[in-house]
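K.L.:
Sharing a structure, written as structure tokens. Questions coming.
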Amino acid sequence: HLLQFRKMIKKMTGKEPIVSYAFYGCYCGKGGRGKPKDATDRCCFVHDCCYEKVTGCDPKWSYYTYSLENGDIVCEGDPYCTKVKCECDKKAAICFRDNLKTYKNRYMTFPDIFCTDPTEGC
């Protein structure tokens with residue numbers, strides 16, 4: 001669920017997700033096209049691809065269960081859809097954390113009209 005994803009991002013990065021990631025680069029937030037602008041934008045590209053692979057459920061609005069153990073996100077539960085969605089969100093949140101050093105403020109509210117490179121496939 002998007003609210004759970006927001007909490008994961010906040011825990012992993014310390015950043016406010018809506019301000020920092022909702023409009024970042026060419027892939028963070030709604031939609032996505034062109035070539036990812038940097039490693040953080042690539043996290044969003046990979047997250048979009050991960051969601052595309054989850055079939056038979058709506059990854060953005062279904063709730064899942066997770067916990068934090070020693071700073072690590074642990075996805076819990078049995079239903080396939082919820083577990084896989086949690087794993088997609090977990091990987092993206094960790095990716096954001098791992099790329100904090102290369103986060104660029106200039107991509108924070110990047111207009112998608114500048115995302116003109118050919119779109120990569122998953």
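Here the Cβ of each residue, glycine as well, is placed from N, Cα and C on the backbone.
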K.L.:
Suppose a student reads Swiss-Prot and sees TYR27, GLY29, GLY31 listed for Ca(2+). Which of ASP38, ASP48 should they find annotated at that same site?
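P.N.:
That Ca(2+) site, as Swiss-Prot gives it, pairs TYR27, GLY29, GLY31 with ASP48.
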K.L.:
CYS43, CYS44, CYS49: which one closes the disulfide with CYS95 in Swiss-Prot?
P.N.:
CYS43
K.L.:
Can you check which residue among the recorded positions ASP48, ASP89 has the largest number of Cβ atoms within 10 Å of its own?
P.N.:
ASP89
K.L.:
Report the same-chain neighbours of CYS95 (disulfide bond): residues 6+ apart in sequence with Cβ closer than 8 Å to its Cβ, ordered by sequence.
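P.N.:
Long-range Cβ contacts: ALA39, THR40, ARG42, CYS43, VAL46, HIS47.
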K.L.:
Near CYS44 (disulfide bond), meaning Cα within 10 Å, which of CYS57, CYS115, CYS122 (disulfide-bonded residues)?
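P.N.:
Passing the 10 Å Cα cut: none.
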